[in-house]
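Some notes on the structure that comes next.
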Amino acid sequence: MPSPAPPTELLPWERAVVLLSCALSALGSGLLVATHALWPDLRSRARRLLLFLSLADLLSAASYFYGVLQDFAGTSWDCVLQGALSTFANTSSFFWTVAIALYLYLSIVRTVRGPCADHLIWAFHLIRCFATMYVCISCVYCPRRLEVLGPQGLELRWLWTTMWGTASALSQASPCFSWGVPLAITVAAVSLKKIGYDASDVSVGWCWINLEAGDRVLWMLLTGKLWEMLAYILLPLLYLLVRKHINRAHQALSEYRPICEGCRLQRGSAASMADKKLVLIPLIFICLRVWSTVRFVLTLCGSPAVQTPVLVVLHGIGNTFQGGANCIMFVLCTRAVRTRLFSLCCCYPRPSTQSPPGAPAPPKMGESQESRRTPEEPST
């Protein structure tokens with residue numbers, strides 16, 4: 001890799017735009033968490049995964065906001081802390097984004113339902129736990145691979161053993177704490193002093209991987225870029241398979257037209273909205289994240305184009321606005337959530353749920369809605 005270019009100077013208007021993006025992302029992520037807490041009947045399995053993604057995006061937006069506000073000029077304790085938090089949150093966001101797509105694929109295409117779907121959500125956490133175990137064992141028994149020499153090797157082995165025990169206990173206590181792979185990677189990067197000042201060439205004011213590290217490319221891949229590039233491949237592939245499966249199901253049912261024309265139009269409208277979102281979800285993710293990948297490649301090539309103001313701003317917005325994009329897709333563009341939210345905020349009267357005389361009684365609250373509902377994406 002060529003020697004690092006001069007630091008990228010962040011202009012005031014660039015900082016203001018990225019700070020606004022961070023604030024909107026935090027607001028959107030908080031809104032997603034609030035809707036999950038306010039309305040229990042909307043807590044589907046897919047939205048449970050979306051809750052974990054929103055928590056990761058909320059932490060990511062907060063850490064990026066502090067980094068852009070500070071605009072670090074060198075490695076310091078708060079630079080390392082901010083870089084560690086953003087690395088953990090950003091990597092977790094990649095994992096949960098792919099986990100949602102994988103869950104939809106398995107629940108819709110492979111028809112994993114009922115208790116198996118709950119087991120599938122726990123499997124996501126177990127995979128992270130076992131991956132954490134593998135990384136920690138590698139660090140304990142293969143310290144030379146991580147350039148650990150002398151007495152520091154014993155200290156790092158103790159640190160990794162302690163961190164693995166803590167992560168395992170937390171993963172058994174609550175799913176929200178079993179984000180093993182991002183935690184292991186972040187702890188390794190901090191312990192080996194890989195996180196620090198990056199001259200804003202692979203960031204926009206915040207701290208990430210120290211450009212003075214000799215193996216900085218490896219750690220850039222491990223702390224984000226590898227998972228980002230895998231998401232570029234997996235998300236379009238999984239959502240394309242889900243969309244293809246749904247289209248085939250619609251074609252197979254087209255011969256059996258419902259008697260009620262209004263019901264057919266309503267179902268067709270809902271199916272059309274879901275079909276659009278299956279295309280937009282991976283497309284929005286790629287459009288937001290691709291600028292970060294472009295600057296990463298330019299940094300590897302030592303190109304001065306990495307300091308282009310427009311590219312810097314797009315990178316800043318793309319890395320920080322994921323929570324806002326999820327809010328638009330899964331709150332504002334979701335009729336069931338949007339109606340309740342507007343009713344709560346603007347005091348609009350909610351539609352009456354009373355049944356007309358002679359109509360069948362509505363199901364009781366004790367009955368699970370998920371038993372009557374086919375698995376669907378969190379945005380429909």
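A Cβ is built for glycine as well, from the same backbone N, Cα and C atoms used for every other residue.
The domain 'G-protein coupled receptors family 2 profile 2' annotation in TrEMBL covers 14-334. According to TrEMBL, the feature transmembrane segment maps to 16-37, 49-67, 87-108, 120-141, 218-242, 278-298, 310-333. Annotation comment: TrEMBL describes 351-380 as region 'Disordered'. The compositional bias 'Basic and acidic residues' feature in TrEMBL is assigned to 367-380.
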With a Cβ cut-off under 8 Å, give me the same-chain residues at least six positions beyond the ends of the transmembrane segment (310-333) that come close to it.
8, 10, 14, 17-18, 21-22, 24-29, 31-32, 35, 47, 50, 53-54, 57-58, 60-61, 64-65, 68, 90, 93, 200, 203-205, 273, 277, 280-281, 284-285, 287-292, 294-295, 341, 378-379
For the transmembrane segment (278-298), I need the partner stretch with the highest count of C-beta pairs below 8 angstroms, choosing only from 49-67, 87-108, 218-242.
218-242
Overall pLDDT for the domain 'G-protein coupled receptors family 2 profile 2' (14-334), taken as the rounded mean:
77
